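Undergrad: Here it is: the structure, laid out below.
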Amino acid sequence: MARETTVTVNTLPSMDFETRIFPHIGGYGRYNRLVVLFSWFPNFAVMLNLFCDVFFTHIPESYHCKPDPQLLPSTFLPSNFSRQGYLNLTIPWVNGSGLSHCELFKYPSNTSDFSEKVHRETVSCTVGWDYAHVAGLQSNFVTEWNLVCSDFWKIPLQHICFMTGWILGYILLGTLCDWLGRRRCFLLSISLSSLLGVVVCLSSSAVVFLLLRLSQGVMLAGVFVSSYIARLELCDPPNRLMVAMISSFFSVIAELLLPGIAVLCRDWPVLQAVATLPQLLLLSYWCCVSVFPESPRWLMATAQIPQLKRSLLEFSTRNGVCLRDEIYPGETLLSEIDTAFGEDCQPRYFSILELRQTRVIWKNCLILSFTLFIGTGIQYCFTRNLHTYSSNFYFSYFLRVMTGALACVFICLSVNHFGRRGMLLLSAIITGLSSLLLLALTQYLRGGLVLVFSVVGLLFSQALAMLSVLFACEVMPTVVRGGCLGLVLAAGCVGLAASSLMELQNNGGYFLHHVIFSSFAVLSVLSIMLLPESKRKPLPDSLKEGENQRRPPLLLPRPDRDDLPLLSTRPLLSEYNPDNYSRLVSATRKMLTKESLPYRIDVPMQAPLLSDSETQSQEDGTLKEGMS
């Protein structure tokens with residue numbers, strides 16, 4: 001029998017929020033639904049800014065050097081040639097791709113022969129490039145600063161810098177969520193993100209654009225993680241899945257609207273300004289405290305009792321539940337909180353450094369970081385196959401968006417029936433199989449089968465990523481939920497940045513990239529089995545509750561199997577219930593200390609039968625008789 005190890009974690013006095021507090025403030029009432037509704041809008045604003053990067057860094061399908069008259073002989077007259085003839089004389093022709101992207105012809109200064117027989121040098125572009133129509137935009141980050149040919153490496157570098165900002169934001173601002181609270185972190189992030197979004201429109205060089213996008217990525221990550229945690233902490237277990245998936249549908253809507261917005265904006269600074277506009281509207285949350293309040297679950301987990309009481313009164317009032325009358329035992333919530341935490345309980349805040357004292361929480365965080373890393377990183381392998389099937393930008397873009405929407409539908413229909421862990425396992429298996437089949441059989445399969453396997457792999461890899469984020473938010477305790485979820489999301493951004501590393505090397509390591517992520521997808525199947533199941537279970541609040549989560553058996557026991565022990569080890573049930581007793585004590589104390597009671601007990605004032613001196617002399621006489 002395996003020896004169990006005990007891990008000591010620092011805990012605070014606590015109550016079961018799901019059963020002792022949540023029902024008494026109205027549960028998932030109308031006010032909770034209203035707050036959740038307003039928490040979906042930040043998701044739309046964040047995703048709009050995230051996917052703008054696709055249009056900012058899109059390379060035009062066709063471009064070539066601008067002809068330089070200085071490289072032509074003085075006897076050359078452009079008016080004697082057509083536009084296409086002029087280009088053919090000045091720009092080399094590359095078989096299979098048309099006019100050269102990066103070279104020009106340089107003629108001898110004294111020649112008058114412009115045929116192919118004359119000796120011509122090839123030099124790099126000297127006066128810029130002519131670009132064809134960019135997808136959705138007339139100008140973007142690439143065409144603004146000519147990031148092609150020798151400067152092509154700056155495009156994947158920009159994406160890497162943007163993802164680096166998200167990684168730093170998830171880790172730093174996720175931890176800040178556990179220190180300052182969900183609302184304060186959200187307001188800080190949305191304010192700075194809006195400011196940086198406006199400043200990005202005024203970028204004067206590629207370097208300034210890189211730095212500003214990195215900084216904006218940090219703040220956008222804070223907006224996402226704080227709003228994601230806040231909405232799930234206001235839900236009861238049956239509604240958590242749908243609330244999370246509706247927020248994903250808001251992301252899909254942002255992706256679907258973005259190409260049309262880009263066509264209307266035409267220039268990248270205008271598109272950046274339009275993408276920043278929803279963030280500016282979200283600044284109204286500063287004034288409207290009721291649309292994005294502080295999470296009462298986090299206030300209770302960190303023992304901020306005065307703020308918790310005010311928050312509970314706010315939620316109960318807006319949900320139509322009264323907590324003021326505490327005469328009856330069913331309405332003693334505030335007094336129970338006083339009894340559970342005591343009068344001199346001090347708030348305490350936790351950080352991800354507390355994970356050093358845990359094992360189960362750290363294991364869950366590591367596994368879900370691994371699965372999210374795979375889910376985001378392997379998508380590059382599938383989208384690259386889409387590019388080989390069709391080079392049209394909108395084909396791969398909308399196909400990826402539609403697979404994301406189908407992944408949301410798949411999760412909504414299956415996860416509540418089969419559990420988080422089971423569907424995460426299925427998504428990892430299908431993702432790994434699709435990747436392995438494409439890796440081994442691409443050269444033997446027809447184009448249609450390659451497209452089918454790529455679409456299936458893309459669908460389930462996105463489902464794997466969405467489920468990993470939801471699963472991480474559900475199994476991490478409230479006191480460190482922001483920091484732990486930030487670590488998991490940061491691992492997902494590392495997977496996204498891996499695709500840019502391949503482009504930085506001109507796809508030189510694509511085969512190795514595909515092999516590594518396919519192997520990781522297969523290995524993740526074994527690690528997913530170690531996760532607990534969070535379907536319809538309350539969120540853990542303390543580190544102790546997070547450590548007590550255990551994985552369920554993979555197979556259900558047979559109903560005909562006799563599992564009765566030889567000796568009964570269950571302790572005898574006691575009639576004493578400490579919860580009911582504490583409620584009775586709290587209600588009685590409140591009744592006795594209340595100033596205005598519905599009745600008054602009158603005690604008749606009677607004079608004592610004996611005075612103090614007579615009583616004392618009588619006691620002395622009795623004492624002497626006893627001694628004699």
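Yeah, the Cβs are placed from backbone N, Cα and C, and that goes for glycine too.
Whatever TrEMBL says is automated annotation, not expert-curated.
Feature annotation from TrEMBL assigns compositional bias 'Basic and acidic residues' to 539-550. Residues annotated as domain 'Major facilitator superfamily (MFS) profile' in TrEMBL: 116-536. Per TrEMBL, the feature region 'Disordered' maps to 539-571, 603-628. What TrEMBL lists as transmembrane segment is 34-56, 155-173, 185-211, 241-264, 360-382, 394-416, 423-445, 451-472, 479-498, 510-531.
Map these features onto the structure and tell me what's around them.
TA: Using DSSP to sort the residues of the compositional bias 'Basic and acidic residues' (539-550) gives these counts of helix, strand and coil: 5 helix, 0 strand, 7 coil.
Only residues 6 or more beyond the boundaries of the transmembrane segment (34-56), in the same chain, are considered here, and those with a CB under 8 A from a CB of the stretch are 134-137, 140-141, 158-159, 162, 186, 190, 193, 197, 213, 216, 220, 223-224, 227-228, 230-231, 234-235, 243, 246-248, 250-251, 253-255, 257-258, 262, 268, 271-272, 275-276, 278-279, 282, 285, 290-293, 397.
Below 8 angstroms of C-beta separation, residues 53, 56-57, 59, 141-142, 147, 185, 188-189, 206, 209-211, 213-222, 225-226, 482-483, 485-487, 489-490, 493-494, 496-497, 500-501, 503-504 of the same chain, each at least six residues beyond the ends of the transmembrane segment (155-173), sit close to that stretch.
Distant neighbours of the transmembrane segment (185-211): 42, 49, 141, 145, 147, 154, 157-158, 161, 169, 173, 176-177, 219-223, 226-227, 230, 269, 272-273, 275-276, 279-280, 282-283, 285-286, 292, 482; these residues of the same chain sit at least 6 beyond its ends, with a Cβ under 8 Å from one of its Cβ atoms.
Among residues of the same chain six or more beyond the transmembrane segment (360-382), those with a C-beta under 8 A of the stretch's C-beta atoms are 7, 400, 424, 427-428, 431, 434-435, 438, 454-455, 457-458, 461-462, 464-465, 468-469, 471-472, 475-477, 480, 484, 487-496, 498-499, 502, 513-514, 517-518, 520-521, 524, 527-528, 530-532, 543, 546-550.
Within the chain carrying the transmembrane segment (394-416), a Cβ under 8 angstroms from the stretch's Cβ atoms is held by residues 54, 135, 238, 241-242, 245, 248-249, 251-252, 255-256, 259, 379, 383, 386-387, 423, 455, 458-460, 462-463, 466-467, 535-536, all 6 or more beyond its ends.
Only residues 6 or more beyond the boundaries of the transmembrane segment (423-445), in the same chain, are considered here, and those with a CB under 8 A from a CB of the stretch are 371, 374-375, 378, 381-382, 385, 411, 414-415, 453-454, 456-457, 460-461, 463-464, 467-468, 471, 514-515, 517-518, 521-522, 524-525, 528-529, 531.
Sequence-distant contacts of the transmembrane segment (451-472) (same chain, six or more residues past either end, CB-CB distance under 8 Å): 228, 240-241, 244-245, 248, 364-365, 368-369, 371-372, 374-376, 378-379, 381-383, 385-386, 389, 399-400, 403-404, 406-408, 410-411, 415, 420-421, 423-424, 426-428, 430-431, 434-435, 437-438, 445, 484-485, 488-489, 492, 531, 534.
Long-range Cβ contacts of the transmembrane segment (479-498) within its own chain (Cβ-Cβ under 8 Å, at least 6 residues beyond either end) map to 159-160, 163-164, 166-167, 170-178, 182, 185, 221, 224-226, 228-229, 233, 301-302, 349-352, 354-355, 361, 365, 368-370, 372-378, 380, 465, 468-469, 472-473, 513, 541-543, 546.
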